[in-house]
Amino acid sequence: MSLSGLITALATPFRADGALDPDGWQRLLHLQLEGGVHGVVVAGSTGEAATLTDAEYDLLLASAVERIGGRIPVMAGTGLSGTAKTIEQTRRAAALGASHALVVTPPYVRPTQAGLIAHYRAVADQGGLPVVLYNVPGRTGCDMQPETVAELASHPNIVGIKEAVGDTGRVQALLALRSPQFAVLSGDDGTAARSIRAGIDGLISVGSNVLPGAYRRMCELAAAHDHEATESWDARLQPFHDFCGVEPNPIPVKALLRRIGIGHDLRLPLLPLSASHHAAADHLAGDIAALEALSSH
C-alpha cells in the first residue's frame, strides 16, 4: 500500500481510572474511516506508546488491523532505544498484521549517523516489515541528517520517512530522495501544506485525530496545487495547529478528544491540559463539527 495523503498518528484513549478504553478506541477508528484518512499510525508518540503494556499494544494494533487493515495502511510504532528490542517489536507488529513499521531514531542514546545507518539496516533486514524512518529530534535528542536518509533510502525495505523538522532547507533536501519506492511525509501539521505543495507525499498528523476530514481536505488540495483553497483550509486549521503545541503532544489533542466524547486522561508522567488552556480547548471543540461538515462539500 502506498504512503501518501493524510495519515493520522492515533492517540490512545484511556478511561478515567487510567485503563485502556477499547470502546473509545473503536470510536476513534470509526471517526478516522468516516473522515477518509489514507492511513493510521498505532502506538507512536501521540499514542503514548511508552506507557503501554505488551498486551495493550497487541490489543490496539490487532483491533486496528481487524477494523481497517487491507483498506488503508496501518503503521505500527516499533522504535525503541536498542536495535535488538526494535527488531523484536517490529516482528511483533508484523505478526499482528501491521502494514509498516514506523521506527523513530533511538531515543536517549544519541547514536552517530553511522550508528543510525547500521541500526535501520538491521531493523529493515530482520524486522519483517517495510520500514518508515522517523526523525523527531525535539523528542529523541538525535537528528538524522539528509545524507543519512539518502544512504538508507536505497535499502529495498526502507520505504519512507516521517520528518518532523519542518524547515524549508530540510524539506528540499529530502525532496531530492523522493521516488515511487521512497515516500517523504511531513510530521509537522503547521508546515505540512507548504511542504506538500513543494512536492512531498503527505502528512502524518496529530490534529487529524479530531479533524480527519478537514486535514484530509487540506492535504488533497495541497497535492492538487490548488493554492488558494489550500491556504484557506490551512488558515481554518491554524488554531488547531497552534493549540496542539501549547503543551507537549498528546496533551492538547487528548483534551480535544475528551471534549468530543473519546477517551479521558493521559498516563503519567503526562498530566491533563493545564486549566489556563481549557477555554481555548472548549472554543476549538465547538468548531470541530462545522469544519468536518465543510470538508465533505
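Placement of Cβ uses the backbone N, Cα and C atoms for every residue, glycine included.
What Swiss-Prot lists as active site, proton donor/acceptor is Y134. The Cβ of Y134 (active site, proton donor/acceptor) lies under 8 Å from the Cβ of G44, G79, L102, V103, V104, T105, I161, K162, A164, G187, each of which sits 6+ residues away along the same chain.
If you look up Swiss-Prot, you'll see K162 marked as active site, schiff-base intermediate with substrate. Counted within 10 Å of its Cβ, the other Cβ atoms near K162 (active site, schiff-base intermediate with substrate) come to 27, all protein chains included. In the three-state DSSP scheme, K162 (active site, schiff-base intermediate with substrate) falls into the strand class.
Annotated pyruvate binding site per Swiss-Prot: T46, I204, in sequence order, evidence recorded as sequence analysis. Reduced to three states, the DSSP call for T46 (pyruvate binding site) is coil. Taking all protein chains in view, 22 other C-beta atoms sit within 10 angstroms of the C-beta of T46 (pyruvate binding site).
Taken from Swiss-Prot, the feature site 'Part of a proton relay during catalysis' applies to S45 (among others). S45 (site 'Part of a proton relay during catalysis') counts 24 other C-beta atoms within 10 Å of its own C-beta, drawing on all protein chains shown.
Mapped onto three states, the DSSP output places Y108 (site 'Part of a proton relay during catalysis') in coil. There are 9 other Cβ atoms within 10 Å of the Cβ belonging to Y108 (site 'Part of a proton relay during catalysis'). The site 'Part of a proton relay during catalysis' annotation in Swiss-Prot covers Y108 (among others).
Within the set of recorded positions S45, T46, I204, the entry lying nearest in space to Y108 (site 'Part of a proton relay during catalysis') is S45 (CA atoms). I204 (pyruvate binding site) and S45 (site 'Part of a proton relay during catalysis') are 12 Å apart (CA-CA, integer value).
With a 10 A radius on its CB, I204 (pyruvate binding site) counts 29 other CB atoms from all the protein chains.
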